[in-house]
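Student: Dropping a structure here in structure tokens format, bear with me for questions.
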Amino acid sequence: MDAFKGYIASQKIQHSHAPSNDSSINSGHEMHPYGVNRNINAAPADDYYTPYLGLRARLSQTWINRWTVLLLLIIVRLLISLAGIKGDVASAKTEALSACSSVENVGSAMASMPHYLSQGVNSMAAAGITKAVNGMMQMLYMSLTGVEEIVLFVIHMMTSTYMCLITLAITGSLQVAIQMIEDVGAFMNKSIDTITGDMSSGLKSFEDDLNGFLSKINIGGIFGSSTSPPTIDLSSEINKLNSIQIDPTTMDADLAKLNASLPTFEQVQNFTDNIIKLPFEEVKKLVNESMIAYKFDDSVFPVPQKKSLTFCSDNTAIQDFFVGLVKTLDTAKKIILIVLVIAAILACIPMAFREIWGWRVMQIQAALLKSRSYTNEMDILYQAHRPYTSQFGLKLSRRFKGQKNQILARWFIAYATSIPALFVLALGLAGLFTCLCQFIVLKTLEKEIPALTAEVGDFAEHVVKALNNASESWALGANSVINNTNTEINDNVFGWVNTTTGAINETLNVFTDEMTKALNVTFGGTILYKPIMGVFECLVGLKIAGIEKGLTWVSDNAHVEFPEFQPDVFSLGAAASLSNTTADDNFLANPATSTTDEITNAVVKVGKKLEAVIRQEALISTALVAIYFVIVLIGLVHVIIGMCGRDKSRGEGGSAPTPLYRNTDVEAPNQHLPEISREKFGTSGNDGWHQEHMRAGGDPITRMPFGGGDGAADDLPYNGAPAPTYEASIAPTERLGVVPAGRVNTNRGPWVRDEKSRELWEADDMQRRATSSYGHLEGGDEKSSGWGVPPRRI
């Protein structure tokens, strides 16, 4: 802003001062009082038209500065890229609509899958039921035969066991009793025979003796009777006594009769066998007939109707998505273009100030060339041509000690900021910035993709909903058929089982009753009845009760129940795919793609294409930036080698030492005191700005030239150009010390003493101003009291 204000002030002063030409070595330049600046853009009066561009001409071209041009190139690249993106979006829209129609067809086919699958499922279910029923009947037939034989075996085993026990117990007991009775009878008969024989002998003898006695005694004669006495005849009684016999057969007749009447239970077994076999045989006959004739009819299962989905035809979500996507891209394009255009316009403002400042610097350097107060013409031209990088190099070089290191530091900055190097860097940065803008557009595009994915998810939900409805309807009808089949089998097949088990239980009850009846007939009224009934209950009754209990359990559990179909039998996989984390399992996805589905893939391909372009341009731009850093690295290596290497002497082929200032006696006699010296010391030696600042009683702090000091800078006119400003500060009474040539002392500047003559002071002052590009301060004892001249930075 100071430079711009100085330029405006110079325009005003231009009209208040008439131009005057000097015929001296400074011909063509005006002399102005201290502090007055000419219009630095005005050409000399005798050279109004110049072959070079003035400030106004330079300012007229600020709108085509490098940064504005780069931003315009970026705008053009973005316009081309966005035009390509819009074309890709249009193609993606067409592809997405086509894919949506395809997905709609796929969804209709998926929703119609129950129609096609149900026929096969119905046939498979019917075949399964037929095989299951036939297998169950065959198993039932074999089970009936096995149960029949087992029941008969158990009954035979129980009756035979019971028969054997009864025969063993009762027959054995009766035979023992009969044998004992017969033995007792024989013993008694023998004893009676002996007793009766003895008695009959004794009676016979008594009879004979008695009759003899009576015959010898004539009792009638005694009593006057002629009757002979009677005789005693006991033979008949003796015979009767001898005939006494005990018949054992009459004693064990009842036991023999009981022994002969023991039951063999053959009738019971035959009766039971006939009763038990009858239901079994009837059931087996029915099972055989059913096995041959049974076949489940699959036509009783329902068949769902075909479905036709129209979620794309009746829905404008995809159209709305792409319209919104184009609007979003247009909005992003407008925002980016507005920002870039504003940045391109605003870039002209600092470039205008840059031209003003560069023009002033060029005027200063031109003044130095005019006065020939320089030692390095190339350095002066470089500073005039590249004022910014040269000034940056000057500031950087002050951090190094030694004239060679400072020159190498400036050379490194000049090498790194050369026009070709900066051109490569600018291209790389512009490319990266373009990639950034395109990346913003890409993220905007990717941000909209979830909305389309949600719409596609709704499409899938439509398909799954249709599948669920068809599957549930079919499952209800199929389950009704299965339930009817269960009822029919339970009533017709297992009804026979229930009848059979009931008949067997009834038969066992009849068997028990017949056994009890036979035992009552045989042992009723005898002492063996209760033991026999106890044995019967132990051996037969408990086992029959167990068989009846088992048959009752069979009757209670003899039923079949085929599993029913789940309502989501046809939609389970499709519904599960919606919640699956892997995209390849989505039933709407193409197996050859890795995106969620074909519809979103149409938009994703646009993003991938733009991403590939951004990646390619980013690699190219990064390569350009890398090339620039390679250039910088080459310069840095050269500088490091130069700083670390030893300087060659003149005898070794090195360069001659550079003088501190020009030999004015040889090269330019009587020309070492240009206009600037008169401005510095005045025409009489005591009215210049140097004397003004060096007089005692001046300002407590004096501002030194070349800008950047503690306060406002003094102006030093150079043939109409604005003067540089002071940087360091010293008091007017301080004396400057002498600094040996070639020494570097930080960044304060070279200080010289008043041992030199005035002409040497003037020439040295101009020399150091001309060689100010060295950017270092020479000297050791920089400040001392006494009179001195203003310091100069080189």
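Even glycines carry a Cβ here, placed using N, Cα and C.
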Student: Based on the record in Swiss-Prot, is it correct that ARG56 and GLY402 are on the same side of the membrane?
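Tutor: Going by what Swiss-Prot records, GLY402 is on the opposite face of the membrane from ARG56.
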Student: Can you tell which of ASN189, ASN270, ASN469, ASN483 has the least company, meaning the fewest other C-beta atoms within 10 angstroms of its C-beta, among these glycosylation sites?
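Tutor: Comparing Cβ neighbour counts within 10 Å for the glycosylation sites ASN189, ASN270, ASN469, ASN483 gives ASN270.
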Student: Restricting to the same chain and to sequence separations of six or more, state which residues have a Cβ under 8 Å from that of ASN288 (N-linked glycosylation site).
Tutor: TYR141
Student: Taking the Cβ of ASN520 (N-linked glycosylation site) as centre, how many other Cβ atoms lie within 10 Å?
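Tutor: I count 13 other Cβ atoms within 10 Å of it.
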Student: When the Cα-Cα distance from ASN483 (N-linked glycosylation site) is computed for each of the glycosylation sites ASN189, ASN270, ASN469, ASN520, which gives the smallest value?
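Tutor: With Cα distances computed to ASN483 (N-linked glycosylation site), the winner among ASN189, ASN270, ASN469, ASN520 is ASN469.
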Student: Can you tell me how far the Cα of ASN270 (N-linked glycosylation site) sits from the Cα of ASN189 (N-linked glycosylation site), in Å?
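Tutor: Each residue's Cα considered, ASN270 (N-linked glycosylation site) and ASN189 (N-linked glycosylation site) end up 47 Å apart.
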Student: C-alpha of ASN189 (N-linked glycosylation site) to C-alpha of ASN520 (N-linked glycosylation site): distance in Å?
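Tutor: The Cα atom of ASN189 (N-linked glycosylation site) is 37 Å away from the Cα atom of ASN520 (N-linked glycosylation site).
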Student: Which numbers of helix, strand and coil residues does DSSP report for the topological domain 'Cytoplasmic' (88-149)?
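Tutor: Going by DSSP assignments, the topological domain 'Cytoplasmic' (88-149) contains 61 helix, 0 strand, 1 coil.
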Student: Mean pLDDT across the topological domain 'Extracellular' (443-622), rounded to an integer, is what?
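Tutor: In the predicted model, the topological domain 'Extracellular' (443-622) has a mean pLDDT of 70.
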